[in-house]
Each structure stands twice: as structure tokens, then as C-alpha cells.
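Notes for the one structure printed next.
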Amino acid sequence: TFYQCLLICLGLFSGRRTCFNIDTRHAKIIEGSKEAQFGYTVQQHEADGQKWLLVGAPFESSGEHQTGDVYRCPLDRKPATNCTRLHLEKVSLNNVFERKEKMRLGMTLASNPKDNSFVACGPLWSYECGSSYYSTGICSRVNSSFDFTHSIAPAFQRCETYMDIVIVLDGSNSIYPWYEVQDFLINVLQKFYVGPGQIQVGVVQYGERVVNEFRLDDFRTVEEVVAAAKNIDQRGGEETRTALAISVARYSAFKHGGRPDAKKVMIVITDGESHDSPNLRKVVEESEKDNITLYGIAVLGYYNRRGINPEAFLREIKFIATDPEEHFFSVTDESALKDIVDALGEKIFSLEGTNQNGTAFGLQMSQAGFSSHIVEDGILVGAVGAYDWNGAVLKETRQGKVIPPKSSYMKEFPEELKNHGAYLGYMVSSVISAQHGQLYVAGAPRFNHTGKVVIFTLTNSGNLTILYSLYGQQIGSYYGSELAPIDLDDDGLTDLLLVGAPMYFYKGWEKGRVYIYTISLQGFFIPDGTLGPSEKTHDSRFGAAMSTLPDLNGDGFSELVVGAPLEDNHKGAIYLFYGQQNSIQPKFKQRIAAGDIFPGLRYFGRSVHGMMDVNGDELIDLSVGALGAAVLLWSRSVVRVGISIHFEPSKINVFNKDCIRGGREVSCMLATVCLNITPRTPITDPKTVGIWLDDKFIFILENKNHLCSAEMVSYCLFTQEVTDYTHPLIFSVNVGLQNADEGPVLDDGWPTSLQSELPFWNGCDNDDQCVPNLVLQSSSDLLDRRQFCGRRERSTWPPCVHQRTSGERLVEASRRKVLVEARLENRGENAYGTILHITHSANLQFSSLVLKVCVFCVSFGFSVVLCSHFVSFIQVYFRLEFEFSRSVFLNYVQITLRVSSEGEEMSPEDNINDIYHNLKYEMFLLKLFVLQIQNLGMFPVSELLFTLNVFAVTRNANALLRLSDLDITQVHFFFILIMFTDFSIKFQPQTTNLVFFLRNGSFKTERCVIIVVKFKRLDLVMTAVVELSPSSPMFLHEERPMRHIILEIRKEEEYRIPIWVIVGSTLGGLQLLALLVLALWKV
């Protein structure tokens, strides 16, 4: 090998590379009730000079009711933590009949670091209005001392039944029977929704004088009011002073127990004209000025019983009624009062109406507090159920609640999509734009089934203006259910907005996705990619929770943590993404699974938050919620290790052996390693740096396993004999953790290794360039004519007899290889990177190279040989072997050798040798009587002429044979050309010539048919001759080898069996058969 390494380690390497600086081994787990959903929300909080973790438990019970609550847990490294319940379920509104059952308090938490207060919301808090319960939601504001300060209920509105009703009852003597009036009163009271925040009832009875039977605030329930009504007796009286009764009810009944903002209703029931009618106009006008709605009920029993015309009486009662068409009733007598009970109730409750901005019917099921976000001048809350579940965003300020009108949303949430239930306000947040200042952001994950995010402004007067809208891409992905604005560089301006779509479906699984939007200086929201979970995960719900984190690794950019609570079969996981210039790194830096913390965790990552140093090490720590648990994860310090190496001398001089090691002279040097540790984040426990050298490398350290706490360490090194002086030695220094489980971690964005080169001195006058003078000489072992014919048995062979070209080389039939002897000499300076290039003709194949002197060379393929260091005035002898190809045949051979080096050659013309020879190949043919010709030589034979003479006539020109067929059996793929001439009719002697190319053995077969012969025996003599074309590169041992073949022809005589032999044999056989039959018969 050419490279050697010096390894310096900071302790031992351990841990997985998927982890960075969030410690998973020493996590603190705070356990709570799973049934209470402890851990549903987590929020780091500082109050009373101490750091706390607020944990929401929205299913916590208070007695028999499941109200939800918030716990505070002290943050420290103590193994046991006792959390305290804050009992925020006591949150309430005055004068409201509320229902706290399943209000889910603690479902959302928002901390305000400016005044160390926080807000906890219960979006399902509801209150009774008539026969309905309205879930408008409520939030608790808690100060820095964990004292409840006030309730926040921006969606709360007074019930339509929030009324103070005073019944002015005529009790004069003319009313008869009284129990009918009393039954009417009881029936009407039973229709009223009496209670806090709803209806209060007072009763005034009059005749000659006015009496308050009971005041508005005397009773709190219908049962109490009805019981009191049953005890009202008729006061009697000779006069009916209706004007006086109205006046007393106006200034007395409504003053005692009346509520300033309640709707005022006065019901006047009488059976006759008033005796103080001149004052009636005045008291009615005064009542109208006090916003009292007057109802008039005329009982005509007295008039009917006496046959009096009631016209004047009816005019008076209609005058009393605020709206004569709607608020006036008349009955024939006292018993008929029961018939108008329902109609009166409907008329009274129709007063509920709407207020001026049209919100009375839109917020009853708003569930305000489903999300919350603290802003500069108040609290922003999401109300997903407002306006038929399209949702809304409300705001609570010191000046009061801010409720945008429904018309503010109509453009982005058109009426035709109202049945979709967009859930606007599912998540609320805010960004700071350079162009627009503070902008509010709200998600509507069910808008048009794909989800939507709106960016808007909201003034304290209720003017809401939507500036931008962002849209989801996939149906059912719940795009916009989670939002996370990030100020990457902490300059006060929001750089990114991240939008979660936790139900995004990808590759058959509900994995989840987070969309990134860059906020430009002009205030535009520009898509900038997406984030996703690990490819190996299945149903993750990635993006169900998100939180921005301050800088964790010291690069000056904020980070992002994303929860995936359904990963690993609902065990859960979180992903940590690091910030970078203008964006978030697309690949998560660290994945922390629930199984890495504690095997019993479930839904780990359902909530995340990190904003402060929890354990006092000046590092930001992370809080994660799970089912029945809250997990604290500690950050670890990040350090960088700067590495530098200095060598003395700066180059290795292998020609100067200045040390003795093991009895050998070697070259020594000094290597100094400097380590500089730079903390990227605060570090309170710096670790000792340990230096270790692995002695398995060829470099030997004098003091092995040396431990040193200094930042600079020197090593005495020496080199053994090496063969590659061209490439420098590479020193690799790697740093790792001394203890992977404790202390700081190395910055994974900073190199943990350093490679430094230590070159060799080239030994030349010019340090940069050597000037070698390579000289190459070579020759082959192919025989020339003199060498070939030097043997006695070859002296008569044709090549040795005839003169041929002097440059020819003769190749014996048994030769398989060609050897080239070469000598390479360097007559100049050292030659580095010496390369021998070998090229040859196609009829040769490179076999091997054999060095006769010890020089380090390596063969690359079949045409390049590399010798790294070729010193001055050295000679190298080597042998090249080539094999003749069996597939390519040429009449020449060519071998070219060229040598080169990295230096500038002094005389390049002697760096090339070209060996070129014309070739003649010896043929070794075996000829047999069966006319089989076989090539026993190494090389293929071409242009071979074979002549066969067949004498087929007698001396008298009588034809003996006629050639009727010709067949030659030959080897596959070998081409044979046959030329012959037919016998003439004149029976002249014929000669058949066959010229063919023969390779690796072929033979010819001739069949001759005798036509007529008149002799018993005839011997035919045939001659076969083999010769080569003059242009053939082959040669034979004989000039024109000839062979004779004698063919004997005989006439076969016919032979027949005589007839007497046949007859005698038959008779003898019959006689023998008769004897055998006779013998067997006697037996």
C-alpha cells in the first residue's frame, strides 16, 4: 500500500451517528395519570424565581366531574419529581349557570415569559341558556405566583334569556277568582329560565297601594320562584292605580336586584281602567326611557260579567304595551289566562334577537380556547365551532374582547362551503414581517377538505383583514392543524412559517408532512420545500406537534422539533431539525424514539416545547409530552476540535539514514499534533483529551499509549523501507468522544479528521522536477535463417536451400512462445513513476514479465508496468513472455516497448524499442495411406495444394473407372475449395486436382465405379502430391512430397450348389426323421 495513517483519538468512538446533542440516556420521566391524559400539553415556565414544567391533564377529575386541570412540576435533575395540581377547575364566570363537566381544561397552554404568567384553556366549558347549553370555552389567566387572576371567555355572550322580568299584578277586589290569576302566574313562571345569567323575576301587586311581593334577586331557581308565587295572597282594594304600580316597579323593583346589562321586561296584568290614568302617559314614557319593554294583559271578566263596553279599557292597555301588535294580550276572564301562557312566553323570548354586529347566533358553540397564543397586547384564541363550525379567531385584550364580524371571513370562507366545517382557529400563531409588522396566522384544517392557513391583521376594534392564504394539497391531510413560526437568526423578524399536515398520506401510510414557507422582505409567503419522517416509518402523524427551539449547536440558527406520536405502533417519536441560512435543513438531525427513552411510553411527541435552560447548564432543554408522562431531555454542549500537524523535517529524506532502529539505519522525523478545543455552546465540564496511537500501522511510537492532557503532543517516527516515493505519506488524525454518554459532543458539522501529507525528498538538484535519462534495449528469441538451418537434419529443407529475405525469422512447428530480453538503464537523475508501455501485434498475447533485478514494479492489465522509483545509474534486466495466438495468424510479428517517467526526459529517442520480423512457419504434416492429411504443427496451414492422380484407363485407352462422386470430410468452420475435371468420353487419362485450405486435420474420400472389366485381376497405381503456394508463409520439410497408392481390382466368380447334393440331403434327412419316430414309439 502507498498510504499509512497515524490515528489520534479523543477516547473511544461510540454511539450512533443519528444522534447529536440531545441526551437520550439520562432523560427524566415525570409520570402522571393516563386516564387524566397527563402530558397532553407541556410548557416550560418560570415563576417565583424557579423553573417549572406545566403539564396539561384535560381529563383530570374534580370530585364527580371530569373538568381537567394543570400540574406544575419543578425542573431539575433530581430523579423524583412531585408535581402539584393547580386546581384551575375553579375558573368561573359570574351570574352564569355554567357546566364544567368535560370542559377539558389544560387542553391548551400558553406561557408569557414577559410577566411569567400563563394561560390554560378549557374549550368545552359551557353554560346554560334556556333549554340549551352553549360550549363557548373559557381560559384561566394565572400570574407568576400561580394565583388565578381572571377568566378569559371572549366567545361568551349573555343568554337570550338574560332578563329582569317584573310582573305587575292587579290584586284589586275586581279580580275574581284569585286562584285563576295565581295559576296563571305559576304557569308563566314555570316557562321562565330562572337562574344565574338568565331570568330574574320580581312580582309587584297593586290595588290602591303597591306592594313588592318579592324582588328580582330574592330567588335563584324556578322552584324557588314558583314556591313564592304560591304564597301570594290577593291584597284587594277599591281602586286600580296602574300608573302608580308601573312607576314603583320602574324605580324600585328594577333597582333592587336588577342587573344593569339585563334586558328589562314589565308585564302588567289588570282587569280594569286605572284610577290614575292621567299619570299613565308619563310613567310609560319614563319606562321606555329606561329601556323597559312593557307587556299589557287585559282581563275582561269584570266587563263581561256586567256587560260593560271594554273599548276604553283596551285602548289603555294597548297604550301601555310597547308594541301593541306584539305585546298586547286580552282574555275573556280570569280562567282564560292559562290560554295565553305559551304565547306570552314565545313573545318574551323573541326579545333575544341579535346585537348590532350580528354575533349573537354565531358564537354559541365556538369552543374558544381550542388553541391560544399570547401576543403583545393580549391573547389570541381559536374558536373552531364559531359560525356553523367554519371557525373564527377571537382576541382578549385589557380593553375587552375583540370579536371580528362574520362578514370578515366571507371572502375566504364563502357561504357555499359553510357545511364543510373549516375549523378556522384549530391553531393560531403570529409572525413578524418586515413589510407588515405583526401578522396573525390561523389554520383551518378542514377547509374544502384539504386545509387552509390564513394570514391576517386584526385591530382592537374588530376589523379583520385577510392578507394571504395558503392551501393544502391533499384531502384529509389536516393541513394547518399545527403552526410554527421561526426567527432563524434572532433578529426579531420571522423568517419561516412551518405548517403541519399530520395526516398526509404517502406511499400507503399516514406519515404526515410539514410545509416550509419563507417570508420575504416584501411579506410574501414562498413555498420552500417540505419535511418528513424517516422512510422506514409507517403511520407517524408527523407534524402533530411542533415547537421552535433556540440555537442548540452554536451555529446561530434556531432549531425545530416535530412530534410524531403514532410512530412505532403508537409509541411515538420526535424529530430534531437544525436551522441553516434562510431555511431548515431538510434532513432531520436526530430522531428520538420512545423506545430510546423508556419502553413503556406511548404517544411520545404529542406535545413538545423548549425555550429555557432547565438544569442550570446554560443549555436549552426539551420537554415532550406522552400519554400519562412528561419527558425532560437535556441538551449537551457542542465543541469543535481544531487539529494541526507539523513535521520536522518537512520532507522525508530516505537517502539520509540518521537513526538506528532494530539494528537498521532508518530515516527519522518528528510529528507534532496540536489540538484546540473550541466550545460552540456553553460548557461547564470540559473533558480531558486522551491521545492514543494504534501500533498496527508501520509507524512506531516511542512512548506507546501515552495519555496527555496538553493540547500539543510530539511523536518521534521513523520509516521502514518503502517502495513508493512518488506519493507522500498521508497522516490521518481522527477525533472522537472520550465518553459518548457524558459531557459534550463534537459538532457534526465540523470535520473530525485531518489528513496531512508528508512528501519524500526526490534526491534531485531541482526539488520540483528531476531530469532522468532512460535508455531501453531489447531483443527477441525468434531464430533467423542461420540459426534455424544450423542443425544438420534441416540443411536440406527448402528454407535452407533457397535464398530468402535476411530479416525473416523462422518459427518452428513446436514453438508456442516468444521471449523478449530487455534492459532498462537510467543514466540521469532519479526517475519517479517510471512506466513501461508494451504494445504488440494481434497474433501475440502478453503472458508475463520477469524481473532479474529487485525493483518494485506492478503490472496494470496487459500493456502497462509501473515502477514507482527508478534511481539514478541503475540497470534493470527483465524478460517479457508472449504467446502465439491460435485465433489470429499473421506473417509477421511486432513488439513495441516504450518507457516514460514523471520527469522531463533528457533524450526521449532511446526510450522506444520496436521489434519487427517477417515470419516463416514450419509445417509438420503427417500423411497416411488412407489419404488423411493432418496438421500437427502449431500454426494454421494456408494455400496448401494437394494433387491426386488416378490412372483409370488401360494402355489401349480402354476406360476402367469413371469418377461418379467426390466427398471430403472436413472440420467445422474450415473452408476447403475443391477443383476437379470430369472424365472425357474418349477415355483419355484424367487428372483430378484438389486445392484446399486445410487446418487441424482433414481427409478426402473418392468412390470409383467399375463399368466393365474382362480380366480377373488388375493393379491400379495412384500418386498423391502435396505442395505449397509460393506466397505461403509456411514451408515443408520436402520440396514436393509424393506418395503412391496401389489399388487391386479382381473379378469375383459365381458358385452354385449342385442339384444332386440338394436331393441327397433331403432324402437323408427324411430317413433320419423316420428312425427317430420309430424309436420313440417303441418307448
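Using the three backbone atoms N, Cα and C, a Cβ is placed for every residue, glycine included.
TrEMBL: automatically predicted annotations, no manual curation.
Taken as a whole, the domain 'VWFA' (164-344) shows an average pLDDT of 91 in this prediction. Summarising the annotation, TrEMBL assigns domain 'VWFA' to 164-344.
Marked as repeat 'FG-GAP' by TrEMBL: 24-82 (among others).
Per TrEMBL, repeat 'FG-GAP' is recorded for 354-405 (among others).
For 463-526 (among others), the entry in TrEMBL reads repeat 'FG-GAP'.
According to TrEMBL, the repeat 'FG-GAP' annotation covers 528-586 (among others).
Positions annotated as repeat 'FG-GAP' by TrEMBL: 590-650 (among others). Taken residue by residue, the repeat 'FG-GAP' (590-650) breaks down under DSSP into 4 helix, 30 strand, 27 coil.
Taken from TrEMBL, the feature transmembrane segment applies to 924-948 (among others).
For 1059-1081 (among others), the entry in TrEMBL reads transmembrane segment.
Long-range neighbours of the transmembrane segment (1059-1081) within the same chain, counting only residues 6 or more positions beyond its ends whose Cβ lies under 8 Å from a Cβ of the stretch, are absent. Secondary structure of the repeat 'FG-GAP' (354-405) per DSSP (helix as H, G, I; strand as E, B; remaining residues coil): 4 helix, 24 strand, 24 coil. Look at the repeat 'FG-GAP' (463-526): DSSP puts its residues at 0 helix, 34 strand, 30 coil. Sorting the repeat 'FG-GAP' (24-82) by DSSP state (H, G, I as helix; E, B as strand; all else coil) yields 0 helix, 30 strand, 29 coil.
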